[in-house]
Amino acid sequence: MGRRIPGVKPPPLTSLVRVQDRLTFLYAEHCVVNRADNAVTITDARGTVHVPAAALSVLMLGPGSNITYAAICLLAESRSTCIWVGERGVRYYCHGASLARSTRLLEAQAKLVSSERTRVKVARRMYAMRFPNETTDGLTMQQLLGKEGTRVRRAYERESQRTGVPWSGRSYKVSDFDDADEVNRALSAVNTALYGVVHAVIVALGCSPGLGFIHARNERSFVYDIADLYKADITIPLAFDLVAAQVADVSVAARRGMRDRMKDGRFLRRCVEDIRSLLLSADELDEESLDVQDITTQVWAGASGYRDAGRNHSPEMPLGDGADHSNGVMTGYVDNDMEFVAGIDTVVDQADVSIRNEYLGVMDESAFPEGRP
């Protein structure tokens, strides 16, 4: 009998809080993060705060923060995302484990982004979600980008008129947060908080943050795509409100403002539903929830679909029937391989058949002068 593994047994996936029902994000800096039972503790000079790990979506650790091994283990077991960020949360460095145990959404995302036709189709749907009164049928990407720019500019101007905050255009430096006017600093701060929450949802669902449909060639392209869906409704009005209120520290006020607007959990649910509706068909959306799925690995069997992994799929005949089993095994082997070789014919240039000939040489009976093994 083997030794019992020490420590608390990790909770089953089905017992964890779903991503759309969790807290949005928690930012901590200049503190020590530890574990007390099933809670994450955050300690600084002011005292200690206990946070239920299973109810946390993302923990953002800023400069001066130290986290213990026990705390990381608890976050991993609770499938909470831990993100290491820069001061004020303006830079993202890395993240922890994902809540997802299925690659279904990831496969759908990769399939849609790999075709120009489907990629433009998803981009049109994103634009329609942002501006529901606009018609997007038949528009090219260039036309979509032009219409988007016009609508976003109007959103800035509308908020400027509403709050009385002067607006001269979006201007900022990624490398220098303070090198901008007050309203642009506020926009950068609220957008950064939004990116962190959206990034956590994307990773929790098992999608790739880098496979974007509009944004491209960046490790957070899909994060920017999804975050853009909510800027006109959430971050742009909030940024102008903060400047109009003349808050002392816009970065702190931005995080708190985002927290207050997301604390009811409806934003996480909205984000999850939007991502699923963009990546899945109507029939797939009608199926059971993707939050918890069987994690059994499968193998791809081509046109016949998927089969269970960890099994021998050879067409070997059952033992004990008096048949020539070496023939049965080898016949199946030849049939499967010839199907593979036929596949080679469809993808290899007919002028370059060296790979195919080499493969067929292995199949040649002359390679086995005393018969096949």
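One-based numbering along the chain as shown.
Including glycine, each Cβ sits where the backbone N, Cα and C put it.
If you check TrEMBL, you get these features:
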| type | residues | note |
| --- | --- | --- |
| BINDING | GLU148, HIS215, ASP228 | Mn(2+) binding site |
Distant-in-sequence Cβ neighbours of HIS215 (Mn(2+) binding site), under 8 Å, six or more positions away = SER221, PHE222, TYR224, ASP225
Near Mn(2+): residues not in GLU148, HIS215, ASP228 with Cβ within 8 Å of the site Cβ centroid are MET126, ILE214, TYR224, ASP225
Including all protein chains displayed, how many Cβ atoms other than that of ASP228 (Mn(2+) binding site) lie within 10 Å of its Cβ?
-> 21
Starting from the Cβ of GLU148 (Mn(2+) binding site), draw a 10 Å sphere and report how many other Cβ atoms land inside it.
-> 18
